[in-house]
Each structure stands twice: as C-alpha cells, then as structure tokens.
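Data first, discussion second: the structure below is written as structure tokens.
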Amino acid sequence: MATEASPPYRAAPPPDFHPEVSLSQSPTHDGLHFWQFMIAGSIAGTVEHMAMFPLDTLKTRMQALGAPCSIQPFGVCQTLGSILKLEGPSILYRGIAAMGLGAGPAHAVYFSVYELSKQVLSRGNPNNSMAHAASGVVATVTSDAVFTPMDMVKQRLQLKSSPYKGVADCMRRVVTEEGIGAFYASYRTTVIMNAPFTAVHFATYEAAKRELMDMSPDTVNNERLIVHATAGAGAGALAAAVTTPLDVVKTQLQCQGVCGCDKFSSSSIGNVIETIMKKDGYRGLMRDGFRGRSSMRRLLQSVGLLTKHQSPFSNG
C-alpha cells in the first residue's frame, strides 16, 4: 500500500530572525555610515580651514610675541593693513600646505569619533547635552593628536620673516634642531583649550539646532542649511569667548624661539601666562582682539558644518 511522501523537514526560524538585515551593514549615525562620516568630516575640515586661512594668519601674527614676528597694532584691520602694505596679499596664504596636510586627516577622525561616541554615550536619548559635550571632548583629544604637528609647522610658516622655506624644510629643521617632541610642545595646552571649547560648542550646537528645528518642524528640510549655519556660528562664537587666552598660549609654545619669539624653559601653561602678563598684562592674553577669533570661529563652524552636511557622502 502506497503511502504519501512526507514533506522535507524545515527548521522554524528563531522568533528574532530578520532575513532583511545583513551583517555587512554598518550602523548609521544621523543617517550616515561610519566611513561616510570619515570622508565628509575630512572634506569639511579641509574646506573650512582653507577658506578661512587668511584670518588664521592674522590671528597667529597677533598672538606671537617678540619684536620681529609680532605686529604692534592689536586690531584686526591694523594687522591686515600692515601685512598687505609691507609683504603683499600672497603672504596671507603662507603655510596653507601644512594646513591641508593636517586638517583632512584630523577632521576625518574628529567627526567620526564624535558621532560614534555620541551614539554610545547618548544611549538612545538624542537630547542628551552631556553626551554631546563628552563626545566632543573625546573627539577633540583624538583629533588633536593628529593635527598638532602640522599646526605647529603651519604657525611657524605664518610668522613674519619666517626662516623656513616650506613644510618639508620646517619639519626637517625642527627634528634636527629641537627633536620630535617639539611637534607636541603645545599638545597639552591644545587639549586643555579645545576640550572645553568643544564641550561648549557641541552642547550649544545640538541644543540650538534642536530649538531652531522645533520652531518650524514643517520646513526642517528646506531650512536645513540655515539651521546648521546659525547653530554652528552661535556655538563657535560662544566657545571662542571661553578659550581665547589658551589659544594665545598655544601659539606662543608653537612659535617659541623662532623669529625672536620668546623661548620657554618648559611647556607649562602657567609659565607662558606669567611671561605674557609681565610683557602686556591681561591684554596680551586677548592678543587676537577676541573679536577676530570669535568671528573666525563663527565662520569656521558654519562653513565646516555646511560642508559636512552637503558633501556627496551626506544624506542631509
């Protein structure tokens, strides 16, 4: 007697099985994959610093102490006028190659580490300002380790009557005459300066962005550029107000012993501040006129954030 063939046995899938999810898919952060943040951040960092490089040169000149390498007038306009009259406009871009070599990799690390840390620390709460601030600090400490050597080279090339022929010559002479440690003489100051700067910036930026979007949720997509630019500019200006004195200290450490600038016995922040106060008082700690750095930071944050969100790798 023939019997019906039994259907082949098939094990039932586990209840949490989702065939549409692939292990090859990487988690997204604000709509972007991790590798996209690396590239978008690199583009953003390069564009923002290249666009604002002349202002950065003015800032360095105003912060450098020492007769030959400093500009006596403290104002931004006076400094710019002196440079254009005595050296020509092309000098405003001296050292831009060092900026390009450092800004791209550093900002790739910066933006990607920030987004990854924000996802981990926020624990599903997108409005966690403490997580945003802490993520900014982690990203800053990491990216500063990448950027500090090229930042030092860049500032030495920006000085008036700089003795270096270019990036390669500066790096070679620093290694030969001062040792590799000279590239990181200002790292501690940079971290101490940038950590609170970034904490204030990202906490303010995320809060401002959220408030601006809540004001008109129906037009968020149409106003995305305005939202990012406004939030970034306000956050950058506020953070600059907190950290300007430390930025002056950083410049002093990176340019020490060059073009007649002061040479310090140690990289102690207190030692540098004491020297500045003896020479110029409190005004010396605000040597970029503050308004110059504040304006530059507003523009930098706007340009950088807009570039990141409008790059070919961004969905926003």
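Glycine residues also receive a Cβ, built from the backbone N, Cα and C atoms like all the rest.
Segment annotation: TrEMBL labels region 'Disordered' over residues 1-24 (candidates 1-24, 25-48, 241-264). Residue counts for the repeat 'Solcar' (32-120) under DSSP, split into helix (H, G, I), strand (E, B) and coil, are 70 helix, 2 strand, 17 coil.
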